[in-house]
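J.: Dumping the structure here so I can ask a few things about it.
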Amino acid sequence: MAENRERSGHVLVWEQADMATDEGILPASKNKRSVNLRVVWVSQRFGTRHYIVFMLFLGMANAYVMRTNMSVAIVAMVNQTAIEKDAEVFDDECPDTDYGDDKDDSEREGEFIWSTSMQGYILSSFFYGYVITQIPFGLLAKKYGAMRFLGWGMLINSVFAFVVPVAARQGGAGWLIAVRFIQGLGEGPIVPCTHAMLAKWIPPNERSRVGSIVYSGAQFGTVISMPLSGLLADHGFDGGWPSIFYVFGIIGTVWSIAFLFTCHEDPVTHPRIREDEKKYIQQSLWGNASVHIPPIPWMNIAKSLPFYAILLAHLGQNYGYETLMTELPTYMKQVLRFSIKTNGVLSALPYLAMWLFSIVVGWVADWMLTSGRFTHTLTRKISNSIGQYGPAIALIIASYTGCSRALTVAILTVGVGLNGGIYAGFKINHLDITPRYAGVLMAFTNCSANLAGLLAPIAAGNIIEGKPTIAQWRIVFVIAACVYLFTATFYNVFASGARQFWDDPENDEPQKPSIEAPVHSEVNGSNVGSNGTTGATLTHRTINEQSS
């Protein structure tokens, strides 16, 4: 008899009576071996939880498409020849190239005459709506469930995409900023609510690869969004750029409706999940499917070093990542002298590398856990070290490659690719230390990290302003590398993969159950379920009964 942990004042027990077969009653040893084989079969078979993961992956991709498509569309929206622009400063240390001609990009004649600063306000309006809703939705998801907040939020985001062309043409920049801000509000639930759902659906030994797959949707969405948005801007309907928002708005709306109608909060409330898969998930999650979740232990969280390890790693990740993703195209143009078109293609390579590598690391991390040779703590630290030390080293090396274009691009692509290790590191670590409050903790760390990410382009802009030399860019890269190194080291010292005492169900105050477990009949000493099959039966016993 394998005992599970206490849940809402009761202990969940996985009873394994002797199993009836054609050969008679199996002894306990054979029964245990049969159960182990069945658990392996259930864990490897495609099930309902894998469909949930697939939908969350598409949701993350949709979210990043909505976030990044404006950066491509605004180039086609603005009349570039009609606005006054400061002369762009180039570094003359590296020779010019003949890698394409950028005249078509600089001579676009869009519908709107918006200054560079106004374009900045338009691009940032989505971000501010996104950031301010992180913590509220994390708290609401803990209290009311995550699935509907995620689905309805993304539906609002997608529906308002249809309004973008109308707002820009009829109301100007002010209305466009308001619409993009509302889109950001709708996307706010995507990260904390995704984390909360993963905590309820994914067994611990599958978290690394599942977390990597789901969150790598961000890179997948970006890789798809950039070239497709450019294609629609040049050849789309209704003047080109509006088709970007119509097409992605339709895709996002379809996904949101499908998610709301086919996905459920957890295995317990899902009406179509197989019973063996539901039991496998419940047992693996140590009773996380319980309806009763105690109040958030704020004081214990505030004193938790593993939480601060995740927080600092998240802060360092966003600072370093934003340095690379927002400043890399500028570096390629000002120093390496790539044309805008070639720059756009090469700038997408790091996203592609990170997406592919993150999936590989996730599978390897789960293999490390299932092999029994590595603890959750060690696995998270190894994965995170690859994900943050790798980019740090790459940034330092790239800052000394000079005018070697191919080498610089290759090193930066490898470095950002290695950054995918964070998805099996700190990014999924919230689920290890506190499955019941993972969404809340992710809301806090993601909000703080996004604010820290704002500092990266500000710092880089001030360092290279007026003098974009290789030496000045080296300072930008080394600062980002030092941030990576410090936060990754802090994580390696203080992080943990163990569930924290303040989220241990055994420490919860006993709660009286509102619904009694169904009574199963017994035939010839073997448990028989409602479908007449023999096997393991999920029953409840009070704590007093267990202790007596």
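Glycine is no exception: its Cβ is also placed from the backbone N, Cα and C atoms.
As annotated by TrEMBL, domain 'Major facilitator superfamily (MFS) profile' applies to 48-499. Per TrEMBL, transmembrane segment is recorded for 51-67, 118-137, 149-168, 244-262, 348-370, 406-426, 438-459, 471-494. Summarising the annotation, TrEMBL assigns region 'Disordered' to 505-548. The annotation compositional bias 'Low complexity' is assigned in TrEMBL to 523-535. The compositional bias 'Polar residues' annotation in TrEMBL covers 536-548.
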J.: Could you give the mean pLDDT over the domain 'Major facilitator superfamily (MFS) profile' (48-499), rounded to a whole number?
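T.: Taking every residue in the domain 'Major facilitator superfamily (MFS) profile' (48-499) and averaging pLDDT yields 83.
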J.: Checking distant contacts: for the transmembrane segment (438-459), what same-chain residues at least six beyond its ends satisfy Cβ-Cβ under 8 A?
T.: 127, 130-131, 134-135, 137-139, 141-142, 146, 191-193, 195-196, 198-199, 296, 301, 307, 310-311, 314-315, 317-323, 326-327, 430-431, 476, 479-480
J.: Counting Cβ pairs under 8 Å to the transmembrane segment (149-168), which of 51-67, 118-137, 244-262, 348-370, 406-426 comes out on top?
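T.: Checked against 51-67, 118-137, 244-262, 348-370, 406-426; highest Cβ contact count belongs to 244-262.
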